[in-house]
Amino acid sequence: MKHLTVKALVLQFNDCIQLIDGKNNIDNVITIPGLKRSVFELLGLFCKPIGSVAILGKREFIFLNQKPVEQQKKIIANLLKLKPPAVILTKSFLDCGVLLAVNQTYQVPILKTNLFSTELSFTVETYINEQFATVQKLHGVLLEIFGVGVFLEGKSGIGKSESALDLINKNHLLIGDDAIEIYRLGNRLFGRAQALAKGFMEIRGLGIINIERAYGLQITKEQTEIQLAISLLSLEEKNNASFERLGSDLKLKNLLGVKISYYQIPISSGRKTSEIIESAVIDFKLKKSGYNSANEFILKQRAMLEEQTDE
């Protein structure tokens with residue numbers, strides 16, 4: 001079962017999260033992703049142990065502040081006795097004196113942040129969810145081209161890495177080569193390089209190249225959202241594949257249960273693969289924005305035929 005320790009979480013966000021109490025239990029294990037709003041637990045309506053980090057923000061602070069101190073203590077105890085791995089107090093939780101007094105009994109790690117609840121959701125909660133996400137390893141190259149995460153796939157030796165190197169020379173970003181870790185968050189896909197292979201590429205005839213050293217750190221990126229898959233096809237695969245000449249519709253590919261747009265590009269001598277890949281990304285962006293080149297071509301052709309008929 002996947003898990004994350006409170007200590008690892010604090011180290012990851014040491015610039016915005018501070019441990020203020022319960023340091024003896026900093027190795028507590030987070031077993032459930034997300035951040036838990038704890039209204040029902042505070043009210044004593046739920047009594048199951050909590051596996052995720054509990055969050056106390058503006059709403060909880062206002063609710064507690066309306067109660068006498070002794071009642072505040074009872075309400076806070078309702079939460080702490082469920083032994084959450086940690087409790088994180090947002091910037092809006094202004095006074096934690098009563099909480100810390102009650103926590104002398106329970107010694108739950110109490111974390112204080114200078115972030116609001118919404119900011120925590122985009123940063124800390126996203127990070128926690130990433131640690132629990134199902135990861136699938138795929139063979140290919142992951143790039144960011146014109147701001148779009150592109151997963152480049154194809155048979156071994158077809159020229160994926162060579163095409164990627166051309167794209168890197170055009171200042172597109174490398175996320176990873178060969179072994180790509182893909183994971184799902186909600187209905188979105190993200191990808192990153194395996195830790196060992198990060199920043200490296202294998203080019204046939206040259207061997208292993210350290211892209212970060214050769215081109216600079218600015219040409220690589222930790223991860224990207226995958227929006228597009230492009231498959232490079234050999235001559236044999238091309239003969240067995242079906243192509244729509246006009247390309248009016250976007251094909252879809254299923255990765256980890258998420259459907260993403262998909263292009264197939266046949267490889268042959270005389271074709272500049274990297275430029276075709278760039279064109280595919282531009283076409284994808286145009287279609288996503290509502291413009292379809294094939295449909296415009298069809299409309300122009302139809303208008304021309306109608307003019308000829310009128311004559």
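For all residues, glycine too, the Cβ spot is worked out from N, Cα and C.
Among the features that Swiss-Prot reports, active site is placed at HIS139 (among others). Neighbours of HIS139 (active site), defined as other CB atoms within 10 A of its CB across all chains, total 13. The DSSP secondary structure for HIS139 (active site) is strand.
A helical conformation is recorded for LYS160 (active site) in the three-state DSSP classification. Residues or ranges marked as active site in Swiss-Prot: LYS160 (among others).
Summarising the annotation, Swiss-Prot assigns active site, proton acceptor to ASP178 and lists similarity to another entry as the type of evidence. Residues within less than 8 Å, Cβ to Cβ, of ASP178 (active site, proton acceptor) and separated from it by at least 6 positions along the same chain comprise HIS139, GLY140, VAL141, SER161, ALA197, MET201, GLU202.
As annotated by Swiss-Prot, active site applies to ARG245 (among others), with the evidence given as similarity to another entry.
Other C-beta atoms found within 10 angstroms of the C-beta of SER156 (ATP binding site) number 8, with every protein chain shown included. According to Swiss-Prot, the feature ATP binding site maps to GLY154, LYS155, SER156, GLY157, ILE158, GLY159, LYS160, SER161, an assignment based on similarity to another entry.
Marked as Mg(2+) binding site by Swiss-Prot: SER161, GLU202.
The annotation region 'Important for the catalytic mechanism of dephosphorylation' is assigned in Swiss-Prot to 266-271 on the grounds of similarity to another entry. Confidence annotation: the region 'Important for the catalytic mechanism of dephosphorylation' (266-271) carries a mean pLDDT of 74 in the model.
In sequence order, LEU232 are the residues of the same chain, not among GLY154, LYS155, SER156, GLY157, ILE158, GLY159, LYS160, SER161, whose CB sits within 8 A of the CB centroid for the ATP site. Non-local neighbourhood of LYS155 (ATP binding site): LEU232, SER234, GLU237, each in the same chain, at least six residues away, with C-beta under 8 Å from its C-beta.
Between the CA atoms of LYS160 (active site) and GLY154 (ATP binding site) there is a gap of 7 Å.
Within the same chain, the residues at least 6 positions away from GLY159 (ATP binding site) whose Cβ sits under 8 Å from its Cβ are LEU232, ILE267, THR273, listed in sequence order. A C-beta separation below 8 Å, combined with a sequence spacing of at least six in one chain, links GLY154 (ATP binding site) to GLY140, LYS160, SER231, LEU232, LEU233, SER234, ILE267.
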